[in-house]
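Quick look at what Swiss-Prot lists:
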type	residues	note
DISULFID	Cys7-Cys30	disulfide bond
DISULFID	Cys21-Cys27	disulfide bond
DISULFID	Cys26-Cys51	disulfide bond
DISULFID	Cys39-Cys58	disulfide bond
DOMAIN	1-65	domain 'Disintegrin'
Amino acid sequence: MNSAHPCCDPVTCKPKRGEHCISGPCCRNCKFLSPGTICKKARGDDMNDYCTGISSDCPRNRYKS
């Protein structure tokens, strides 16, 4: 494999030591985005979805307006 992801340990294919994540809507530059960062803008009667600061996933909001 010639082009390794900068966040990925090429042997384990997991985040390198000191890095939090490899990819995802709440991952940037190998780190989780801050809690409260919008990861999915509201549409229609839905509300924004926000990063938690502990995961690279974008959890669905639990509330509807």
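Positions of Cβ are set from backbone N, Cα and C atoms, glycine also.
Sequence features, as recorded in Swiss-Prot, placed on the structure.
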residue: Cys7; record: disulfide bond; DSSP (3 states): coil
residue: Cys21; record: disulfide bond; DSSP (3 states): coil
residue: Cys26; record: disulfide bond; DSSP (3 states): coil
residue: Cys39; record: disulfide bond; DSSP (3 states): strand
residue: Cys51; record: disulfide bond; DSSP (3 states): coil
residue: Cys58; record: disulfide bond; DSSP (3 states): coil
Spatial neighbours of Cys7 (disulfide bond) among the disulfide-bonded residues Cys21, Cys26, Cys51, Cys58, defined as Cα within 10 A: which are they? Cys21
Nearest to Cys51 (disulfide bond) by Cα distance: which of the disulfide-bonded residues Cys27, Cys30, Cys39 is it? Cys39
With DSSP as the yardstick, break the domain 'Disintegrin' (1-65) down into helix, strand and coil residue counts. 0 helix, 11 strand, 54 coil
Once the chains shown are all counted, how many other Cβ atoms turn up within 10 Å of the Cβ of Cys26 (disulfide bond)? 25
Ten-angstrom check, please: count other Cβ atoms within 10 Å of the Cβ of Cys7 (disulfide bond), all chains counted. 17
If I take the Cα of Cys30 (disulfide bond) as reference, which of the disulfide-bonded residues Cys21, Cys39, Cys58 has the closest Cα? Cys21
